[in-house]
Structure formats: C-alpha cells, structure tokens
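Below is one structure, written out as structure tokens; comments come after it.
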Amino acid sequence: HLAQRRTVSEDKFAQIIENDLSSISGSESESEEDTEQTVVETAKEAERLSHLIARRSRILFNNSSGKVISVHRCLLLHKKEEASSDERLVELLTKLPFRTTWLVIMLGGGHFAAAIFKGNEPILHKTFHSYIVRAKQGSAQNSKDNKGTHARSAGASLRRYNEQSFAQHIQELMKNWGADIVKCDLIFYRALGRLNNGLLFSGTHAPLLKSDPRLRTIPFPTRRATFNEVKRVHSLLATAFVYDSNEIFKSTFSSPKPIKEDVEEKKWAKKSSENGEQTVGSPKKIDRAKERPSPVRELPDIVQQLASISTSGSEGDMAVLLEQKLEEISFLDLKEFDDTVPQSVKDQIRRKQKKEKEGSCSGKRTTSRRIETILEISTWCM
C-alpha cells in the first residue's frame, strides 16, 4: 500500500475529495477578499499622497538607488504648463543646477522688497515702504476711491500721493535693473490684490509682462515684504528634500492636521494616579438631569471635635473648646484731621477769587455803558 496506509472504500474516497474541494474553494475566497482589501488600501494611500503632493506643489523623482527626491514644481514648469513625459521632467531637473540666477519680488501693504540671486548670494537687493494703507481698515486708498467714496481728508490726499510715488519708485528700480533682469533664469513674485498686480503688470511702462515664461508665483505663504523674508523665500525654493526610501517618504510626508476625532479622544483621556490605567474623562456635553453621587470629603478637625462632643454629651470638653476673652477697645487716641493747607496758599486763593469778582462787576458796568451810548446815538440820529 502507498505510504503504509489503509485502503478506503469508494464512498469514503468521494467524501474525502468533496471536503478537500470545499476547503480549497473557501481558502481561495478568503485570499481573494484579502487581495481586494489590500488593493483598496493601496489605492487610498496613493490617492492621499497624490493629494498632499498636489497641495504642496511638488514633483517627486526616484533615482537608481531607491531614494525619493522632492522639488518644487514651479522650478521646472510654468503654472499652466504640463510635462509631455517623465523624460522631459528628468531633463529639466538635470538642467536646474545651471539655472540659478533668480529674481524674487514681494509686494503688499505698501512694502516692497526685491533681490536678484546668483546661486545663494544676492547680487542686487532693494526694499522701501510707503504709507498707502488706511489705518484700521486694511485696504489701500485706491480701492476705497474705486467704491465711489472720494474722501477729501489730509490723510487720504497723502495716501493718493504716496501711491503714485510708490509705483514710480518700482518702475524706476525695475528699469535700472533691466540688464540684470534679462539675465535671470526664473522670476518669482508675490503681489496680492488688484493694486499690487497693477504695479507690476499694468500701465504703458509695466515692469514685467505676464507673457514672460520665466514668471512663477511663490507656492507657499509669506510674511511681510522685507529683505530677510526674500532670503527666506529663496532658501525654501532652492531646497530639495531627499528620502532614503519610499517607506520613509510615506511616513514623513503625511497630513499636517490630525483627525478631529483622535484629537478629542486624546484631549479627554486622563491617567489615574492610583492604578496607572487610562480613563476617559467627561465629554463636552454633560447631562445635567442625570443624578450624580455627591463627593465624599473630610470635614475640618474643629467640626469633627464638636460633632463628637455633641454626640457624647460631656460639658467639660465643650468648655475646653469654647473660651471667652474680654478685650478693651479705646477711641481716645482718635481726633480730627488737622488743616494741612498753609495760610499763604489760603490768602492766594482768596485774592484770586476777589479779582474774579471785581472783573465780573467791571464787565457788567462796561456793557451797561455801551448800551447807554448806543441809545444816545439812536436819539441823536432821530
């Protein structure tokens, strides 16, 4: 016999085969469900990563050693430009180290800052500020005038004049930098609002042209336009992130905001000092109608002693606790406050009051005299 085992009947053999087939089909269905679940989870993870990458405006590359390289999309492509192929993106990335002459312009709230960088060093930079924003309003005077209300105050006139001089300074600066701007490989700018955009792109002598393929908007939030902020923006744009593997990239490149439910659970989780176990505290919404047990607190010592004496009924202990003490309170040392105003000050006040009275009386006499003279003149005319 095979494998030294007993023989089985035909019916027994058919039953064994049927059980084996059913177990095989069950395992196949379970494996198919697991495969479908893993595929769905992988698709969700890929969708989440692609959404985060699109929000941060970055492009990812994988090199031969398995590392992930992340750079800003604006360094390679224009906002409306799409890459024809992956080979085109790789070609642009390899040329990027040789295109490091950049112009960074920031404009907003009457603040202007610009610098031309060659590599990491700024070769030209300029900052200035003008008073063009209305105090406590947060908008320029030009936008207020466009609404139909043309204020005539001194502050409004000053802001209108500053807007004109501000635009003139920008045009003169860009004109003086014209030869260096032509040599720039990329131009990054931040100019929010119609007024700020108009200062850069509108007018007969516009400093920049919107059709320029080198123009890029700064893809992240910025602070007030200063030279230090321009240098910070340049540093962030020129920074590339390198991850050793795809797993490290997925773990670090996660959503910055946690899920709201997890935050609430962590907020209300407390650790008990006695058992060391984690207990969940009361939620935000408390059911006031629900009965709650009153807390058990120890009474003060004096109250506990009085309670024990009252229950025992002994008067001696009560006399020990309750003592009577007499104290005399005297008011003999109290007296009225002395007059601390010196006599010379009093005399000065009296003389001043006397002069005021005399002046009022003389004023009445002069008015009466004037009335008499007017009456005399009227009688003379008659």
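Positions of Cβ are set from backbone N, Cα and C atoms, glycine also.
Keep in mind that TrEMBL annotations are predicted by a computer and have not been checked by a curator.
Over in TrEMBL, the protein carries these features:
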ACT_SITE  Gln141  active site
COMPBIAS  260-274  compositional bias 'Basic and acidic residues'
COMPBIAS  284-297  compositional bias 'Basic and acidic residues'
COMPBIAS  347-359  compositional bias 'Basic and acidic residues'
DOMAIN    98-240  domain 'VLRF1'
REGION    260-297  region 'Disordered'
REGION    343-366  region 'Disordered'
Quiz item: How many helix, strand and coil residues does the compositional bias 'Basic and acidic residues' (347-359) contain under DSSP?
Solution: 13 helix, 0 strand, 0 coil
Exercise. Sort the residues of the domain 'VLRF1' (98-240) into helix, strand and coil with DSSP and give the three counts.
Key: 54 helix, 36 strand, 53 coil
